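Participant: Got a structure here, written out as structure tokens. Questions coming.
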Amino acid sequence: MSDVLVKAMLNKEISVCACDVSRMVEEARKIHNTMPAATIALGRTLAAATMMASMLKNRNDRLTLMINGGGPAGTIMAVGNARLHMKGYVANPAVNIAANEKGAIDVAGAVGKDGFVTVVEDLGLKEPYIGKTPVISGEIGEDIANYFLVSEQQPSIVYVNTWLETDMSIVNAGGIIIRPMPGCSEESLAAVEKRTGEIANFAIYMFSKGLDGALEQVFEGMELQMLEHEQPLWKCDCSKDRLEEVVLSLGKKEIEDMIKEDAGAEIVCRFCNKKYDFSSDDLGRLLEHATKE
């Protein structure tokens with residue numbers, strides 16, 4: 001089955017966005033060969049970024065979500081566009097950390113709690129919008145909810161999770177973002193608050209009932225209107241032309257050194273691990289271009 005993102009409304013006054021990105025996260029796990037804590041952290045970040053990207057208005061708008069809490073996982077990044085073409089990486093995919101006091105994989109310990117959530121929205125304007133808020137828990141869902149509250153003055157409930165099989169493959173990965181519309185009634189807010197325990201079981205319901213069924217289970221008794229379904233995809237848009245820009249950004253001296261010392265260069269895309277070879281002739285052409293500028 002394909003990954004899916006659902007947009008819905010509750011009682012006509014609460015916005016709901018939910019996603020199942022299990023295949024995307026499994027693809028990321030295989031590409032980056034992540035250990036469990038890194039897999040879960042990256043999976044949660046990809047799920048959150050996918051839902052945030054779905055909130056972009058124009059087809060070519062882009063969103064970057066970066067989380068660095070100062071923990072051993074390092075920076076976790078997810079990038080996508082309004083078409084829900086997503087990619088991501090974790091700086092230290094091999095992070096191996098002891099279980100927490102509950103005996104669970106210590107995602108917060110891997111992410112850390114001393115750093116920032118950074119969101120960059122490229123909306124085709126002169127400068128991108130950049131929002132930055134502190135990491136408050138390292139669990140990612142709470143950190144994204146805090147970002148919405150502080151940076152956008154938007155209260156929300158954010159739940160993201162990645163559930164692993166014993167062989168470290170993905171059972172399921174996804175999440176839900178719930179945001180009240182302006183003028184939302186106290187009755188509807190109270191009804192959602194009563195369901196926080198059900199929301200915490202969202203991954204279990206998603207596994208047994210699918211995404212639509214999980215939403216129906218969590219919000220049973222409320223008016224749930226499904227608005228649209230979209231298909232998120234893992235899609236890296238790297239190319240040799242794009243990586244030429246990376247080489248040019250290194251500067252003339254660095255390019256000269258690569259020609260003299262290595263007779264070329266191998267550049268690896270951090271998102272998909274695809275390798276691009278640059279010969280001495282390639283680098284010479286780029287050096288000539290850099291010199292002209």
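All residue numbers here begin at 1 and follow the chain in the order shown.
Each residue, glycine too, has its Cβ placed from N, Cα and C.
Residues or ranges marked as disulfide bond by TrEMBL: CYS236-CYS238, CYS269-CYS272.
Can you walk me through where each of these features ends up in the structure?
Facilitator: Taken residue by residue with DSSP, CYS236 (disulfide bond) is part of neither helix nor strand, so it is coil.
Mapped onto three states, the DSSP output places CYS269 (disulfide bond) in coil. Taking the Cβ of CYS269 (disulfide bond) as reference, residues of its chain lying under 8 Å away and at least six apart in sequence are, in sequence order, CYS236, CYS238, LEU243, LYS275, TYR276.
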Participant: What count of other C-beta atoms do you get within 10 angstroms of the C-beta of CYS236 (disulfide bond), across all chains shown?
Facilitator: 19
